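Swiss-Prot has this to say about the protein:
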type: BINDING; residues: 12, 73, 74, 103, 104, 105, 106; note: ATP binding site
type: BINDING; residues: 22, 23, 24, 25, 26, 155, 186, 187, 188, 213, 215, 216, 217; note: ADP binding site
type: BINDING; residues: 104; note: Mg(2+) binding site
type: BINDING; residues: 126, 127, 128, 170, 171, 172, 224, 246, 252, 253, 254, 255; note: substrate binding site
type: ACT_SITE; residues: 128; note: active site, proton acceptor
């Protein structure tokens, strides 16, 4: 059974991370487990920027976005001697267990520590929803709400001015943010890695929607990294249709903001489950959702799992047909 637990957040921040941290701290205290907070991800493990959670009122962050303990990408952690330093720091403080909240890169780090004898649990924290071992990642719902709110505002002004807007959203190769926000906003064009469109195809959609069907606007939602320069795509559409077209990059706004209720609830349940897993002496596993249940998957399996590109393509095709009809 765990006696001292440390928590870190790693990689890109996501709304809801603070809620997971809060419930890990409070659940641990109920079971008499001492909790420590690692600041700035794996880098903090190596530099020993670790504080006792008793010094912090975690309840004050229940409605705050981001992660109050900070996060970082730390490529140095791939080196064995660097990881050994991290393990040494944990041992010196008597910490035997670690909960890592982050994406697949964070999971990889947790697995490496597990192999060095540290009990580790991974929680899925990323707005991209790109961890195939879970149906839902901490941050997805709030990021979707942020995208939808921005697209709704864009629709107002695009309708007023008879314009086209191409909105780039995050995803890290996964299409969930584009697909789901496209469904929620009625975007006439949705482009993901699994469902790509040429510029000529988008031009034909714009002509059909705004000239043949006399719609006042077209919204396209595009996953990041599909096109080298979305502004050039927008200009080509404008040049070939005569309809003013703008590229909108939402960028890091998607990662910020107060976590929505659904986010807080799911993150909290995962935090509780993380402590319960450690109480059962589990290690080297990633927790996630399947339906309404929290499941446990060995981290190597979680890293190998892949979402179906075919399913995504079929879903986006259906949504595009509905939104263009």
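Glycine too: its Cβ is placed from the backbone N, Cα and C atoms.
Since we're looking at a predicted model, the values are computed, not measured.
A map of Swiss-Prot features onto the structure.
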residue: 12; record: ATP binding site; DSSP class: coil
residue: 22; record: ADP binding site; DSSP class: helix
residue: 73; record: ATP binding site; DSSP class: coil
residue: 104; record: ATP binding site; DSSP class: helix
residue: 128; record: substrate binding site; DSSP class: coil
residue: 188; record: ADP binding site; DSSP class: coil
residue: 215; record: ADP binding site; DSSP class: coil
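Here nothing among the binding-site residues 24, 73, 74, 215 falls inside 10 Å of the CA of residue 126 (substrate binding site).
Note: the CA-CA distance between residue 22 (ADP binding site) and residue 171 (substrate binding site) rounds to 26 Å. Checking Cα-Cα distances from residue 106 (ATP binding site) against the binding-site residues (26, 171, 224) with a 10 Å cut-off leaves nothing; none qualify. Counting every protein chain shown, the Cβ of residue 186 (ADP binding site) has 14 other Cβ atoms within 10 Å. Put simply, 104 is the one of the binding-site residues 104, 188, 215 whose Cα lies nearest to the Cα of residue 171 (substrate binding site). Remark: of the binding-site residues 26, 215, 252, the most isolated position is 252 (fewest other Cβ atoms within 10 Å of its Cβ).
The closest partner of residue 215 (ADP binding site) among the binding-site residues, by CA position, is 12; the full candidate set was 12, 73, 74, 103, 104.
Long-range Cβ contacts of residue 104 (ATP binding site) within its own chain (separation 6+, distance under 8 Å): 130, 131, 302, 303.
Ranked by Cα separation from residue 103 (ATP binding site), the binding-site residues 26, 128, 252 are led by 128. Residue 217 (ADP binding site) is 27 Å away from residue 128 (substrate binding site) when you measure Cα to Cα. Residue 217 (ADP binding site): 21 other CB atoms within 10 A of its CB, across all protein chains. Within the set of binding-site residues 24, 26, 217, the entry lying nearest in space to residue 73 (ATP binding site) is 24 (CA atoms). A count of other CB atoms within 10 A of each Cβ picks out 103 as the most crowded of the binding-site residues 103, 105. The distance from the Cα of residue 254 (substrate binding site) to the Cα of residue 12 (ATP binding site) comes to 11 Å.
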